[in-house]
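According to Swiss-Prot:
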- Glu327: active site, proton acceptor (ACT_SITE)
- Tyr344, Gln365, Arg461: substrate binding site (BINDING)
- 8-18: compositional bias 'Low complexity' (COMPBIAS)
- 114-126: compositional bias 'Basic residues' (COMPBIAS)
- 1-233: region 'Disordered' (REGION)
- 253-276: region 'Disordered' (REGION)
Amino acid sequence: MAEGGAGFSSSSTSSEEAVPWSTQQPMGWEELESLGDGGGSTSADEEFQWEAMFVKSRAGSPTAEDKSRTFTLPRGRPKNEPRPERGKGKTPKKPKKPDQGATLLVGEEPRPRLGSRTRSKSRSRDKHQLPDDIYDVPNPPMLAPVDSYGNPVEQVSSSESDFEDIANIRPILRRQQPVTVKHRREPSPEPLGHPTFVHRYDKPSYDEEVCQKKDKGGRTKSKNWLRQPGVKSKLTSMKDLSGSFKSLMHIRSDGEKHKQQQRPGGSGAPGGATPRDVFNTFLGSGTCPSFKNAFFLYLEGSMGVGKTTLIRHMREINGDNVISFVEPMFYWREVYSDCVKLIYSACKPFNLGKMSTSNKVLSAQMKFMTPMKCLQTSVRRYVKANEPLQEKTAMDNWLLFDRHPLSATLVFPYLSLKNGYLAFEHFLALAANFTAHEGDIIALLCMGEEDNLKMVKLRNRKGESGVTSAHLKDLGQAFHACYCTWLLLKYLSPEDMVSVCCCDVTLNDICIMRSMSSSKVTMAKSLFNKSMFPTLMDVIQPFRSNCTIIEICLTLFMELKKVEFIVVNASEFIGDIPGVWTSIYTQSLRTQAIKTQSIDWSGLRAFSLTYNS
């Protein structure tokens, strides 16, 4: 014990400043005396043993002098060490002791290294860090946030509101002295001058390009990415963005709207109604309704037979007693697609029997049907409710319609079916949409195919340049087949014809059951062969027992029986529009089954003006 203590004391008396406890040995250092001739020096291999000794020494009872000692790592340069002067060379490095850099002795302060670069505090603290039960290293103070100019800024509490953060920072910014900083873009690397990297806001306007061409010398900045973005370029980009949005939403621009206003029959035509005016007509005229009896006359027939010309003529000579509804050509050609062009392009000889062709024909016929069924529904709002059909007089008024839903749902699909452009299922889907009302009068204008072709060429309507006389002949036969179907339903009930089409009952059996004369039986057989019934029977033959098929046939026959037909040979009245009207007027008064309906005349007239505009 004495030798170990003497040896330790002798090695430490050379520098009493380094070993402050040389005069008095503290209690609890039994391990130091047991080492023998250690000389107080340590090596890298003994570092872990010294740490264990330091931890164990805390178990003893230190003296008052030990309590006053503080084992902290210095955070700066020692006060007694001179600072090296600039310009006089580098300070010579002191020789490194062999025991330096391993473990600090009690009371020894580590000497910082001098040089161009000083070790960071975190590395020094990690290297010389001692257990927590020896001493507590104080935490470094939190760095105060600063702004872009180096001024301290108060910490802003975390909040989800952007306005709250701005309100907390604003008082500090007001206390700062105003600093004027010229706004300019930082110079970018040369590769950013490539057009790929140039922002579209940096594109120069026309004036800037002219200035660049004039200023060729000097230190003019010609790079676009060095220029400050201008207001004009941003507004141009916003306009381009709005144009893209309009294109996405299919909104017409001002130029297209001007073209639409000049287009006849468009919703934006001069004198046309606004959407609010159109909707108000559906709600009523707002005045007391004035009911009048009127004929519901639908003009039907092939194209070019004079339907539109007759409506225009009657509206001019007798406008007070006539309300007309023109053909919805604008909806067919301008709304989303041109169904007239589609039907003519699909019905080509090389497209026979293709399902894709049938899909196109179905799509076109559905668009033909849509405005007619909508008009039919709209007009029924002005018919006096729960009012039976009225007996006609010579002074009754007239409602003239350009085509009935019959053509779009039955006649033209029947023609496409016969020619091989429409599938069976698509024909039944269109026929199931046919509807009619009691009191509907269909004036069928017939004309020979040669005369009809001349009329089509004369009017020169868009999309009808490829119409042939064979097509007009087939179309006339389709209308005649529909007329024969309706005429046969005048002799036999719809239930009887469903039995013939869907059941194993012949037409002869039905005539015998109804006790019909031989002349009527012959007439019924002739009408049956010319009607749509034979074709319909071939279509539904594989599925005659299906409930949906039976319901389609029954509804079709019942709806078709509601209308009344008037047939006019228009070939006899070519160029004689009053003659065509005289024939229609005379047959309407002579046919007992034709009756009139009571309608709100003033409200329906207002609606017709809106519809035709």
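Any Cβ shown, glycine's included, is placed from N, Cα and C.
Annotated features, which come from Swiss-Prot, shown on the structure.
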{"residue": "Glu327", "record": "active site, proton acceptor", "Cβ contacts under 8 Å, 6 or more apart": "Lys307, Thr308, Asp402, Arg403"}
{"residue": "Tyr344", "record": "substrate binding site", "Cβ contacts under 8 Å, 6 or more apart": "Gly463, Glu464, Gly466"}
{"residue": "Gln365", "record": "substrate binding site", "Cβ contacts under 8 Å, 6 or more apart": "Ile343, Ala408, Thr409, Phe412, Pro413, Ser416, Leu430"}
{"residue": "Arg461", "record": "substrate binding site", "Cβ contacts under 8 Å, 6 or more apart": "Met303"}
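Reduced to three states, the DSSP call for Gln365 (substrate binding site) is helix. Pairwise Cα distances among Tyr344, Gln365, Arg461, which the record gives as the binders of substrate, peak at 19 Å.
When secondary structure is read from DSSP and collapsed to three states, Tyr344 (substrate binding site) falls in the helix class.
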